[in-house]
Amino acid sequence: MTEEAEVGVDLSPTSGSEQQAPHFLQDVIFHGKFKLLKSLTPEENTQCQHGLYFHDGQRRVDYVLTYHVKKPATGRTSRQSTHLLTENAVARSLRRGRNEHLRHHKKQKARDSSTLPSSPVADVELGCPAETVNGQEDHKMFRREEFEGKLRDMGLELEKDEDTKIAGVGFVKIHAPWNILCREAELMKLKMPTKKVYEVKQLSGVVEKISSLISKVVEPLHPHVEEHQPKNIKHLSHTFSREKQHLFDLSDKDYFFDSKTKSSIVFEILKRTKCKAKYSMGITSLLGSGVYTAAYPLHDGDINEESAVPNDRKLLYEEWANYSVFYKYQPIGLIRKYFGEKIGLYFAWLGLYTQMLIPASLVGVIVFLYGCATVDDNLPSMEICHPKNNITMCPLCDRVCSYWKLSTACGTARASHLFDNPATVFFSIFMALWAAMFMEHWKRRQMRLNYEWDLTGFEDEEHFCCCCCCQPLIITHHTRLWYFKGYWQLESFFYLHGAHIHQFHLCFTVAVRHLCLCPSQDHPRAEYEFRVMQKTLSKDQKSHHKIEKLTCRDRLPAYMTNIVMMLLMIGVTFAIVFGVILYRISTKAALHMSSNPVTRSHVQLTVKTTAAIINLVVILILDEVYGAVARWLTVLEVPKTDKSFEERLIFKTFILKFVNAFTPIIYIAFFRGRLVGRPGSYLYVFESYRMEECAHGGCLMELCIQLSITMLGKQLIQNNLFEIGVPKLKKLIRYIRSKQGAFQEEERQKKLQRYETDHFLEPFAGLTPEYMEMIIQFGFVTLFVASFPLAPLFALLNNIIEIRLDAKKFVSELRRPVAARAKDIGIWYNLLRGVANVAVIINAFVISFTSDFIPRMVYQYMYSPDGSMHGFVNHTLSYFNVSHFQEGKEARDPLHLGYHVEMCRYKDYREPPWSATPYEISKEFWAVLAVRLAFVIVFQGNHSRYGLQ
């Protein structure tokens, strides 16, 4: 490959051997690249360090673009198709006239090929033999040439490689030289460490000794990551400026900008470099139209080989993405250094959330153990389970159910006490305060990270940024003129005549910088600019009025579609929940008709468990559907910026997935058993299905079953199995497809280059799925924690695995994401705060209306003759005369219990049949309702005083 590599742009139809010597001498003489003399020996380069560098072995690959290569039908050629497309500004300007002529000649040939498809087209840019290509591929090739030409005009250096081990895929490797990095760092207002260091004031006295002792205790929990500087020493950071380079430590320019910063700089250039063909708006639209198939920065190196060169990726794999170090803290600083602030903040938040789950889990386990220890002393369950209890209960369904003894509900009553006891109330209050402490603790942690990462003065690009839609308009031998949305900047390349030109350059840059920096929005999305351009062109056909943005009127159809589709999806969720309700009712009636006594004795457990599993399966399926629908609806709105697109997508996805996950739980908690009616006057669905009622132990046990199955199922199946299996399956499919090309087995056995290996990795899809699953889990932990005190424990166990699973996915399964700056977690904090506030209200209503805590308290202090719980069960049961059953609604076998039943009991506060107002709501009901509402108000008021507010 190195024998026929070409340096520069091969614009002539001559062979590579004829052009190699002139281009090589040109780079050595004009560019001063004398190191190329040493790079001709492949053994010294070790395959250009496995694809991390250009063919000269000196310039590191900062970004990679891939595109589809159509191979000739006769098979692979022996010619190497690797081209070095780097050019210096002086050499490029010397050949300006010749290149313009050749570019015009090439465009004319492309137009001729579109009118005469049968004529052969010689790809002079790629140096391939003349061959017939269809118009679409020829058009994509022309757009690539135009885009790459503009990238070279922007100062980037490019190198092509089409003779790879991946059939049908070509690679464009991009390198940003030092002067381009400096220019873009100044435009992006990047903060870089200066030579100035200062000492952070340390604690003193007793506090210092305690802190030192704690540090020694937790020392084994810290990862073995080398600190580049002492903790009490910090470099003073300053916005990078080419005029003030003396303030920065530039002793090693190769490492002044790390790989994360270089890739983000190149990505900014790729986003704002525009092409004229088909209204191209940068790399985003080129990827969408198929001109390029992928764009990604490279990982630092290998992680599995023992001989791999030490790098940050390998260190992260060993000290972070490893299940054997699950008990250690995360190397947040190294994560931020490798992936950027946005991803670093996510893992910092996830780590803090997991740490805060430890005390919540301990308290939850204590509450559960308290329920286990006191179940034998619980008087209501003892009354239900007493062998002499002969309370006869009314049938649970019409025609097919018989009378039953209350003592048969002994197991349900004892199990309900595990989650419905006085300690549950304390745990609900504790979790409300825990949520408030967690939110405040994260704010404190976030501020500390902003200080450590030099983000204290950071302003988001959408609030104040450089005018970055710059394009080179005039290029001479010594200067380049840039246009920034109405402002001009002159950049000098050579300082002739000593200090005179140097002083002129500095003064002019200072003057322009004050003009160029202006309030601006984030980069408009390619789809938005394309829609604006479509509207402008259609408007210009009628008038010369210029349209600069999309109005609400333009988006009105999309808004209406969003509202209708969101309501429709929520209606689908409600319909499925209603269908599960019908399943429970019909299945319960069918199982009661069974001749097997074992089946009849486990009807309640069977129906509850199977219905919860059905709900889980439906939730998992609808989660995927709703995610796709939310993205489609967001695309219809055509948001202007990426941040606006992400926020709208997050909001829609959260609403749909939240409703999908919690609708079955909300129904059981607040509606089931309350829309039943009474014996003789039940409420029916479709005039045949009687609404279901809760077991005698209350709906809290059923709520616990539904919540636990949904939570554990989502964590095990969706969060873990899907995250492990789906990326590996996609990677296997891409690898299998790549092996379908016509290349030999021995070539497949060769070691892939770094950019080829990363091509097989899964593209990074953003942090939205990661945050979303944690927000839903946060809802499970806080919203209905009164019914399931073990929820924090299962969340803790899941998150311990989740952190290492996500770490391994980011390090080894995904392509390296482009580093993004951020000072907070954005809209996710608002969603967390909203869930925490709603959790207080929901837990108050669960304790008041779902559990028996308030009825027990009212009975003990208002109606109990001795102030104890003796007689509570009888107090909550009402009487019904079986002769008042409607015709056809009687019990299946009146003598099922061995005696004739005249009165049966049901759980409700109603007047007995012998009173003046039979079956009317009793005064006890209103007393209990008043206390329930008072408890909700007091619970919410105390939380508002001591909690989030």
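Positions of Cβ are set from backbone N, Cα and C atoms, glycine also.
From a predicted model like this one, the values you see are computed outputs, not experimental measurements.
According to TrEMBL, the domain 'Anoctamin dimerisation' annotation covers 53-332.
According to TrEMBL, the compositional bias 'Basic residues' annotation covers 94-109.
If you look up TrEMBL, you'll see 94-123 marked as region 'Disordered'.
TrEMBL lists 335-463 (among others) with the feature domain 'Anoctamin transmembrane'.
Summarising the annotation, TrEMBL assigns transmembrane segment to 346-370 (among others). Sequence-distant contacts of the transmembrane segment (346-370) (same chain, at least 6 residues past either end, Cβ-Cβ under 8 Å): 329-330, 332, 335, 418-419, 421, 423-424, 426-427, 430-431, 434, 437-438, 441-442, 445-446, 449, 767, 770-771, 774, 778, 781, 785, 789-793, 795-796, 799-800, 802-803, 806-807, 825, 828.
Residues 352-353, 356, 359-360, 363-364, 366-367, 370-371, 781-782, 785-786, 789, 792, 829, 832-833, 836, 839-840, 843-844, 846-847, 851, 853, 939, 942-943, 946-948 of the same chain lie 6 or more positions beyond the ends of the transmembrane segment (423-439) yet place their CB under 8 Å from a CB of it. Per TrEMBL, transmembrane segment is recorded for 423-439 (among others).
Residues annotated as domain 'Anoctamin transmembrane' in TrEMBL: 520-940 (among others).
Through the fold, the transmembrane segment (563-585) approaches residues 397, 607-608, 611, 614-615, 618, 622, 626, 629, 633, 652, 655-656, 659-660, 663-664, 667, 685, 689-692 of its own chain, all at least 6 residues removed from its boundaries and within a Cβ separation under 8 Å. Taken from TrEMBL, the feature transmembrane segment applies to 563-585 (among others).
The transmembrane segment annotation in TrEMBL covers 605-629 (among others). With a threshold of 8 Å between CB atoms, the same-chain residues lying at least 6 positions outside the transmembrane segment (605-629) that come near it are 565, 569, 572-573, 576-577, 580, 583-584, 587-588, 591, 599, 653, 656-657, 660-661, 664, 702, 705-706, 709-710, 713-714, 717-718.
Beyond the ends of the transmembrane segment (649-670), by six or more residues, the same chain brings 562, 566, 569-570, 573-574, 577, 580-581, 615, 619, 622-623, 626-627, 629-631, 633-634, 699, 702-703, 706-707, 710, 714, 768, 771-772, 775-776, 779-780, 783-784, 787, 827-828, 831, 842, 845-846, 849-850 to within a C-beta distance below 8 angstroms of the stretch. What TrEMBL records for 649-670 (among others) is transmembrane segment.
What TrEMBL lists as transmembrane segment is 774-797 (among others). Long-range contacts of the transmembrane segment (774-797) within the same chain: residues 350, 353-354, 357-358, 360-361, 363-365, 367-368, 419, 424-425, 427-428, 431-432, 435, 654, 657-658, 661-662, 665, 669, 700, 703-704, 707-708, 710-712, 714-715, 719, 828, 831-832, 835-836, 838-839, 842-843, 846-847, 850-851, each at least 6 residues beyond the stretch ends and with a Cβ under 8 Å from a Cβ of the stretch.
Taken from TrEMBL, the feature transmembrane segment covers 831-854 (among others).
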DSSP-derived helix, strand and coil totals, residue by residue, for the domain 'Anoctamin transmembrane' (335-463): 94 helix, 4 strand, 31 coil
